[in-house]
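Q: What follows is a single structure, and I will ask about it in a moment.
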Amino acid sequence: MSGGFYNVECPDCENEQTVFGKASTEVACAVCGTTLARPTGGEADLLGEVIETVEAR
């Protein structure tokens, strides 16, 4: 994974949310608040299932 954007599915409520691959802060699900991404100093640790990579326009 590089520093792109990913559509990640929340493991608790199945909400699909776009997350930056190198997030520097924790990213929570907008619906239920479950952590979807945790920063690691480089690429974020994506905790939900990656549905797809968002392509650049």
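Glycine is no exception: its Cβ is also placed from the backbone N, Cα and C atoms.
Pulled these features from Swiss-Prot for this protein:
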ZN_FING   10-32  zinc finger
BINDING   Cys10, Cys13, Cys29, Cys32  Zn(2+) binding site
Q: Of Cys10, Cys13, Cys29, the binding-site residues given in the record, which has the fewest other CB atoms within 10 A of its CB?
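A: Taking Cys10, Cys13, Cys29 as the binding-site residues, the minimal 10 Å Cβ count falls on Cys13.
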Q: Would you mind checking how many other C-beta atoms are within 10 angstroms of the C-beta on Cys32 (Zn(2+) binding site)?
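A: There are 12 of them.
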Q: Give me the sequence-ordered set of same-chain residues, not including Cys10, Cys13, Cys29, Cys32, with a C-beta within 8 angstroms of the centroid of the Zn(2+) site's C-beta atoms.
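A: So the additional residues around the site are Pro11, Asp12, Glu14, Asn15, Ala30, Val31, Gly33, Thr34, Leu36.
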Q: Where does Cys13 (Zn(2+) binding site) sit in the DSSP three-state scheme?
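A: Reduced to three states, the DSSP call for Cys13 (Zn(2+) binding site) is coil.
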Q: Take the zinc finger (10-32) and average the pLDDT across it for me.
A: 95
